[in-house]
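See below for the structure under consideration.
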């Protein structure tokens, strides 16, 4: 209530006068008459209609006369008396507020659950679900548009109807849990017996996809390297036993370390081909980086460590070297074999880098294919170490000084340590989850911002998960007007207008808003799915997209 008072010599202390028009009652706090009220009142009811107080009341007097009589105790129409209040309106607006609904700390009455959850968690049969209400919702999976869900309240009521009481349902859950544990134990035992059966009678199962990986791409490079380095280790070991050369011993240890590390890489490749499971929802692609990281540590400890140790022992306790003819022949064969493996790795990296639109150097530094990178660096180090060992052994044979041979062993160890440090660094960076290239991130950002439903995007993160898999996350500020218009374009506007015109009460308004509000939220979810699908189609490297509504 708003009123204006003229300047008065004393304050107002509270007499109450009441005014009643229709169903609206106003209480005017006033104890005395010094407050001068206006002569015209406009009343707004809860349905938005404006009513003037110029109409006569039940006694035949106008509302403003009634108001004046209540406020002054006199009749404003008395002859010779001037009206003592100003002609200014009072506007009273009643605000209709929907009663707030208290849901409590846990509210699941409107939750949806799938049929699989209903059967597993509430111990029901598929025939029990046929009697319940079926609701079609948007599917969270890319391969299906919609799927069927059930109201959780309906499922809970049906489970109590089937089992009789919550206690009986709890007992059945416990029994099924024990049966599941026993089934898993039997399954593990049966799998072990099946493996023993295959080992005894032979496995006639077709070659799996994991085995096929070793006949192309990085798997082929790794298998070729394992075979060549295994033969090199055997012949270098024979040459060291025959000559006693420290450099030849370092070369033998180097080949052994390469063979073991490449076997570890093969294990990582086979494990990375495993399909995702509930414990690892994003798959096992990082197994290649883990295997490469362990390989780098192994090169450092086995290759560099033993080479340094043997070189230091040779410096402290030098001894003469026998005929080096066989050692030179074995080193020459090793140079040819290691060079062939190096060429295979170089060709594979060039092909992969060309497919990704990267240079050779960028592909290696970013560790796009960790398995091939390890083969490349190991074989490059092997070729250089063969050259170093041959040079130092030649100086020893020419001068008769065994210290050159020991220095060669230290040089090979230093070269292996450098390679291992580079492998440890690049694979650690990949496992930590580094960001993608700024140019690629800018393309993804521009693709989202160019869509009409997107006002802005914030907190953008794009993580390289390894092996050409990117996870993209962003906070998206959606344009509610565009989303609502998208919903309205699919509706019958004439029918919608009729529904609006039929709304007369607060209950009807609430039902109308709840119906179309839920549909607009579904439209927003469909827009999110569309954006995620567009990102994946235009950028094949993006495998996982998380768009959060801001």
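Using the three backbone atoms N, Cα and C, a Cβ is placed for every residue, glycine included.
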Feature transmembrane segment in TrEMBL, mapped to one of the ranges 406-425, 426-445, 446-465, 466-485: 406-425
Which listed span TrEMBL calls transmembrane segment, if the choices are 199-220, 221-242, 243-264, 265-286: 221-242
Stated TrEMBL location of region 'Disordered', expressed as one of 48-82, 83-117: 48-82
Cβ contacts under 8 Å made by the transmembrane segment (380-400) with residues that lie 6+ beyond its boundaries: 229, 245, 247-248, 250-251, 254-255, 258, 320-321, 324, 327-328, 331, 334-335, 338-339, 342, 407-409, 411-412, 415-416, 418-419
Of 221-242, 325-346, 406-425, whichever stretch has the most CB pairs under 8 A to the transmembrane segment (289-313): 406-425
Same-chain residue ranges lying at least 6 outside the transmembrane segment (325-346) that approach it to Cβ under 8 Å: 220-221, 224-225, 228-229, 231-232, 235-236, 238-239, 242-243, 245, 248, 251, 255, 372, 375-376, 379-380, 382-383, 386-387, 389-390, 393
